[in-house]
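> Among the features that Swiss-Prot reports, N-acetylproline is placed at P3, with the record citing sequence analysis. Taken from Swiss-Prot, the feature N6,N6,N6-trimethyllysine covers K14, and the record attributes it to sequence analysis. Summarising the annotation, Swiss-Prot assigns substrate binding site to N123, T173, K177, R295, H327, S379. According to Swiss-Prot, the feature active site, proton acceptor maps to K175, H294, an assignment based on sequence analysis. Annotation comment: Swiss-Prot describes K201 as N6-carboxylysine, evidence class sequence analysis. Residues annotated as Mg(2+) binding site in Swiss-Prot: K201, D203, E204. The site 'Transition state stabilizer' annotation in Swiss-Prot covers K334 and is backed by sequence analysis.
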Amino acid sequence: MSPQTETKASVGFKAGVKDYKLTYYTPDYETKDTDILAAFRVSPQPGVPPEEAGAAVAAESSTGTWTTVWTDGLTSLDRYKGRCYHIESVVGEENQYIAYVAYPLDLFEEGSVTNMFTSIVGNVFGFKALRALRLEDLRIPTSYSKTFQGPPHGIQVERDKLNKYGRPLLGCTIKPKLGLSAKNYGRAVYECLRGGLDFTKDDENVNSQPFMRWRDRFLFCAEAIYKAQAETGEIKGHYLNATAGTCEEMIKRAVFARELGAPIVMHDYLTGGFTANTSLAHYCRDNGLLLHIHRAMHAVIDRQKNHGMHFRVLAKALRMSGGDHIHAGTVVGKLEGEREMTLGFVDLLRDDFIEKDRSRGIFFTQDWVSMPGVLPVASGGIHVWHMPALTEIFGDDSVLQFGGGTLGHPWGNAPGAVANRVALEACVQARNEGRDLAREGNEIIREACKWSPELAAACEVWKEIKFEFKPVDTLDL
């Protein structure tokens, strides 16, 4: 390079490292309707000011890098950079802050959850200047959400397909989750559906193992569905898990499910990946299949309070990527989930417009502009004594899944299904008559036991079962 060239290249450019806050901390910034807004829980290293930590998050998740580069002059950083526009201390925590960051819409590819997360929760989470970092919430602008298809069908279309209204849907995960032959698996599916359940379900790790290949399972489950439908006069379904090692194999399994006339397939959206999930959701809408989503691996990402990503963000991402059901905790069962926090992201899944409400962990007002809703699924350690609470907490637009709470019945699978259906119908009737499920729940169940021996037997088995542990992830109050 000639001396003349060196001189020209250096005009207006000063090499070196400068504080992030000089460029990316902009407390006077007024957010735009088109910005993606993020709330990060930031735990800086000792000696790192909160403004510098928040600015570093904004920089490293958008246009910034660790040093000044001369190619900054070839673009408009002011147009494309992320901006930390507000910082607040976390109640009850020392040296921990909520940093609010605004991202210009042009930073993200349309219709791609994969690209959105690659930027916002990418390398910045390994940044040395931070002891820990957690994404608490996102505000998705309507101009971005409209680039997504969303759920294949949504709540109302699903109810119309199933012809079931005015109550939660009932499901059951077939147990043991691994080890059954396809024929015995299909038998369990039939018994549960025949007993009164709406759905049965593959467990998340049932794919295509040596003891039960996927095609055999699909065939026996389809036979079980048709037999149960013929005997009950109700539409039934089984969540056929299409999750596979490649997108091509996943779609092949979904195609076979459709050819069998199955109403619904299933996907593990975190282990399978957002690209695969969106592809499957598009196929399901085009071909009339409902899509059940399991959140296997979510607790690796969302359970720790100081680092990772809250499930409300994963729930929003799923609604954009596509799914008609998603597991959302139970509040009362064996899995993590504080009541107000759970109800917050349940609303984010189902409702069209959700107001900011920090008492439920909702940092931003979210407008889904008529994107179809997702049914929350309560599953994990629940049984008939939980039915009043589940009906009261989740309401009609939900799926209540009793795996062990069905197949663990002392009389067998079908009586277990009968017990759950009777308990649900009793709770719905009592609620419709104006009774208080929270206060009178146990009495309602005992009354139903008088005319349902199956329910009475279930109540006796599970009368002492409780999961009383404090949740790890709690609201900042």
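Backbone N, Cα and C define each Cβ position, glycine as well.
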> Relative to the Cβ of E204 (Mg(2+) binding site), which residues of the same chain, six or more apart in sequence, are found under 8 Å away?
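Sequence-distant Cβ neighbours: N241, T243, D268, T271, H294, A296.
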> Report the residues of the chain - excluding K201, D203, E204 - with C-beta within 8 Å of the mean position of the site's C-beta atoms, for the recorded Mg(2+) site, in sequence order.
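What remains near the Cβ centre is T173, I174, K177, D202, N205, V206, Y239, N241, M266, H294.
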> What's the CA to CA span in angstrom from T173 (substrate binding site) over to the residue listed as 'N6-carboxylysine'?
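Just about 5 Å between their Cα atoms.
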> I'm trying to understand the geometry here, so how far is the Cα atom of S379 (substrate binding site) from the Cα atom of the residue listed as 'N6-carboxylysine', in Å to the nearest whole number?
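Here the two Cα atoms are 11 Å apart.
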> Work through the binding-site residues one by one (K177, R295, H327) and name whichever has its CA nearest to the CA of D203 (Mg(2+) binding site).
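Comparing Cα positions, the closest of these binding-site residues turns out to be K177.
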> Please find, for N123, T173, K177, R295, H327, S379 as listed binding substrate, the greatest distance between any two Cα atoms, in Å.
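The span, Cα to Cα at its widest, is 37 Å.
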> List, in sequence order, the same-chain residues at least six positions removed whose CB sits under 8 Å from that of H327 (substrate binding site)?
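Counting only residues 6 or more apart in sequence, the Cβ neighbours of H327 (substrate binding site) under 8 Å are I293, H294, R295, P376, V377, S379, G380.
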> Work out how many Å separate K175 (active site, proton acceptor) and the residue listed as 'N6-carboxylysine' at their Cα atoms, rounded off.
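Here the two Cα atoms are 10 Å apart.
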> Specify the count of other C-beta atoms within 10 Å of the C-beta of the residue listed as 'N6-carboxylysine'.
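Around the residue listed as 'N6-carboxylysine', other Cβ atoms within 10 Å: 29.
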